[in-house]
Amino acid sequence: MTGDMEHPIEGTDRTRALQAVSYATNVLSKAGMPSARVDAEILASHVLGVPRGRLALIDGFTAAKLGEFDALVARRAAGEPVQHLVGSAGFRHLDLAVGPGVFVPRPETELLAGWAITLITPGTTVVDLCAGSGAIALAVAGEVPGARVYAVERSPAALPWLRRNAEARAAAGDTPIHVVEGDVTDPAVLADLDGTVDAVLCNPPYVPAGAPVPADVADHDPRDAVFAGADGLAVIRPVIGRAAALLRPGGVFAVEHDDSQGVAVPALLRADSRFTDIEDHHDLAGRPRYATAVHVADCTP
Ligand SMILES: C[S@@+](CC[C@H](N)C(=O)[O-])C[C@H]1O[C@@H](n2cnc3c(N)ncnc32)[C@H](O)[C@@H]1O
């Protein structure tokens with residue numbers, strides 16, 4: 001392990017895991033990682049093949065496992081996302097495969113998915129626009145029995161992750177989802193579903209170009225997954241139109257946005273006469289995070 005701290009457990013064959021985790025926590029804190037302890041525990045449980053909650057109960061690392069752990073901690077200290085290091089990210093009940101080329105799903109998006117899952121009834125049709133790893137689409141497929149779920153994604157780098165996660169969840173017994181390669185702003189994509197969809201859900205890229213982002217986002221999340229034009233609304237604007245076209249009367253729409261867009265995105269929805277019941281929702285940190293709307297019963301587009 002690199003750094004100016006002497007490794008307290010170097011050379012031992014078996015060491016209690018928590019000692020190594022404490023040491024790694026110090027290394028990661030010094031490197032400026034905000035969730036140093038959690039990251040150290042996730043990496044230790046990955047190397048040892050035990051759940052995080054059991055780390056205190058096991059003997060610890062062999063010398064070989066300790067070397068593996070140290071190498072992962074050094075990569076985390078250098079800025080690699082912990083989810084890339086272990087190859088997966090948790091999202092609601094799911095464990096999704098992630099790595100370079102696909103956006104790592106974030107906890108705040110679980111709120112949008114949860115909002116939708118409480119409203120969507122079994123057997124209905126749901127479209128996830130900007131699907132990435134499949135987080136929202138697969139959460140719905142896993143939690144709403146018999147939902148017919150479509151997941152649209154454009155990125156050639158993200159699509160293999162989406163397909164892999166979709167196959168894994170289907171093999172685990174969830175209702176298979178339909179993966180659609182396409183541009184969510186293209187009216188031809190899923191045009192055969194226009195006017196029939198019960199819920200359209202979307203976590204698009206929404207950061208204004210040039211806005212400062214944390215180093216792990218800048219270095220490891222795909223740019224197309226994060227940035228969307230000068231005001232960050234370059235994807236949200238056309239997605240609102242596509243959602244309005246896809247939805248049946250009474251169907252629901254939810255779209256995540258930047259915390260600076262809590263006024264702008266509801267205003268865009270209000271400007272489209274096909275939407276009513278427009279609300280903005282906050283994340284657990286109290287920041288504006290996603291907007292929701294209902295397709296009106298009768299309207300002229
Ligand atoms: C912020 S990520 C969200 C991924 C996933 N829904 C989640 O919540 O983790 C946005 C995704 O939209 C995709 N994307 C961006 N522009 C797109 C477009 N015009 N058409 C289809 N997908 C697009 C990106 O490749 C990326 O996977």
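Note: Cβ is positioned from N, Cα and C throughout, glycine not excepted.
Averaged over the domain 'Release factor glutamine methyltransferase N-terminal' (19-87), the predicted model has a pLDDT of 92. The domain 'Release factor glutamine methyltransferase N-terminal' annotation in TrEMBL covers 19-87.
The domain 'Methyltransferase small' annotation in TrEMBL covers 123-207. Helix, strand and coil counts from DSSP across the domain 'Methyltransferase small' (123-207) read 25 helix, 22 strand, 38 coil.
All chains included, 28 other C-beta atoms sit within 10 angstroms of the C-beta of Glu153 (S-adenosyl-L-methionine binding site). Per TrEMBL, the feature S-adenosyl-L-methionine binding site maps to Glu153, Asn203.
Using a 10 Å radius centred on the Cβ of Pro204 (substrate binding site) and all shown protein chains, the other Cβ atoms total 22. Among the features that TrEMBL reports, substrate binding site is placed at Asn203, Pro204, Pro205, Tyr206.
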Study note, to complete from the structure: Here the Cα-Cα span from Pro204 (substrate binding site) to Glu153 (S-adenosyl-L-methionine binding site), rounded to a whole number of angstrom, reaches 10
Point to revise | Composition by DSSP (helix, strand, coil) of residues within the domain 'Release factor glutamine methyltransferase N-terminal' (19-87) | key: 51 helix, 1 strand, 17 coil
Exercise for review: Mind running the binding-site residues Asn203, Pro205, Tyr206 against ligand 1 and keeping the ones whose CB falls under 6 Å of it?
Suggested key: Asn203, Pro205
Check your understanding: What is the separation, in Å, between the Cα atoms of Tyr206 (substrate binding site) and Glu153 (S-adenosyl-L-methionine binding site)?
Key -> 15
Practice item. Using the centroid of the Cβ atoms of Asn203, Pro204, Pro205, Tyr206 as reference, list every other same-chain residue with Cβ within 8 Å of it (recorded substrate site), in sequence order. Key: Cys130, Cys202, Ala225, Val226, Ala228, Val235, Ile236, Val255, Glu256, His257
Point to revise | Close in space, distant in sequence - Pro205 (substrate binding site), Cβ under 8 Å, 6 or more apart | key: Cys130, Asp224, Ala225, Val226, Phe227, Ala228, Gly232, Val235
